[in-house]
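Right, one structure below, let's go through it.
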Amino acid sequence: MKKGINRVVLVGTGAVGCSYAYSMINQGVAEEFVLVDVNEAKAEGEAMDLSHAVPFSPSPTKVWSGSYADCKDADLVVITAGLPQKPGETRLDLVEKNTKIFKQIVRGIMDSGFDGIFLIATNPVDILTYVTWKESGLPKERVIGSGTTLDSARFRYMLGDYLDVDPRNVHAYIVGEHGDTELPVWSHATIGVQKLETILANNEQYKQEDLDKIFENVRDAAYHIIERKGATYYGIGMSLLRVTKAILNNENSVLTVSAYLEGQYGEKDAYVGVPAVINREGVREIVELELNEEEKAKFAHSVKVLKETMAPVL
């Protein structure tokens, strides 16, 4: 890594990758930004287009299309490459196809001498983050998945809309698989400093069945969006930007990334969406919430499904 210069390499210039790339340039997050894609002409075109936006950015960024060799001096490699989720297809349906793709990508990156942090977004993200960790040989702290950062953002937005509160003042987490078995941590949800359960108890207009419907809409959001426009990319692009800023700026921010469990939440040897403190070293620590019995059971089920799905492809 070059001292004093933040280099981020993006592998995959599809809709998700380009949404992330645009947000990176828009906010001037890194000094160097490299785009890599199997379709070299596409990566080159995107780099050209993005570079023309740099004069409008808050700080200058050198943008170019490159290769895995550019990962050698990278602080962060973000992977969005892979086959997208089709209408009616679950994230876990993608596991076999994208695992093969990922193993090749990670090997190519590591051959460059890369020694930074991986941030994974390709689905099924928890499984592919685990695959990246295994293939790379890097410490677990330096391999991170986008996890349930987007799910938690959707959750906060919808709760804020329901309660007529700025979603930035809604503190609520979605944990577990980024997918069908994820779960809301109702027991720790707060609006400002007030517990959501207290607000419910003191206001007749707010009902638990409405909250349950909100969670269903959060869990199924990708399906609804894919049915209408074919893919999701703006939300995940901003989620990746948020994690990137936490890493490069050494923020020690708590984000629900896919992190490796070693006994936390009663689970081991799995990458799962949980609150974690993120800084320049990657995952500084996992924040272990005290779940109620129902939440514990649902979390254990989510991890079990991930492990069962992952086993045949490792």
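Glycine residues also receive a Cβ, built from the backbone N, Cα and C atoms like all the rest.
Model, not experiment: these values are computed from the prediction.
These come from Swiss-Prot:
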- HIS178: active site, proton acceptor (ACT_SITE)
- VAL16, ASP37, LYS42, TYR68, GLY82, LEU83, ALA121, THR122, ASN123, SER146: NAD(+) binding site (BINDING)
- GLN85, ARG91, ASN123, PRO124, VAL125, ASP126, ASP151, SER152, ALA153, ARG154, THR232: substrate binding site (BINDING)
- ARG156, HIS171: beta-D-fructose 1,6-bisphosphate binding site (BINDING)
- TYR223: phosphotyrosine (MOD_RES)
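Ranking the recorded positions VAL16, LYS42, GLY82, ARG156, HIS178 by Cα distance from VAL125 (substrate binding site) puts HIS178 first.
When Cα-Cα distances from THR232 (substrate binding site) are compared across the recorded positions GLY82, HIS171, HIS178, TYR223, the shortest belongs to TYR223. In this structure, the CA atom of GLY82 (NAD(+) binding site) is 32 Å away from the CA atom of HIS171 (beta-D-fructose 1,6-bisphosphate binding site). Per-site Cβ counts within 10 Å over the binding-site residues LYS42, ARG156 peak at ARG156.
Looking only at the binding-site residues GLN85, ASN123, THR232, the densest Cβ neighbourhood within 10 Å occurs at ASN123. Taking the C-alpha positions, the distance from HIS171 (beta-D-fructose 1,6-bisphosphate binding site) to ASP151 (substrate binding site) comes to 13 Å. Cα-Cα distances to ASN123 (NAD(+) binding site) place GLN85, HIS178 within 10 Å, out of the recorded positions GLN85, ARG156, HIS178, TYR223. Neighbour density for GLY82 (NAD(+) binding site): within 10 A of its CB lie 25 other CB atoms from the protein chains shown. Mapped onto three states, the DSSP output places HIS171 (beta-D-fructose 1,6-bisphosphate binding site) in strand. Ranking the recorded positions HIS171, HIS178 by the number of CB atoms within 10 A of their own CB puts HIS178 at the top.
As a whole number, the greatest separation of Cα atoms within the NAD(+)-binding residue list VAL16, ASP37, LYS42, TYR68, GLY82, LEU83, ALA121, THR122, ASN123, SER146 is 24 Å. The residue listed as 'active site, proton acceptor' falls outside any helix or strand according to DSSP and counts as coil.
Cα-Cα distance from ASP151 (substrate binding site) to TYR223 (phosphotyrosine): 13 Å (rounded to the nearest whole number). All protein chains included, ASP151 (substrate binding site) registers 29 other Cβ atoms within 10 Å of its own Cβ.
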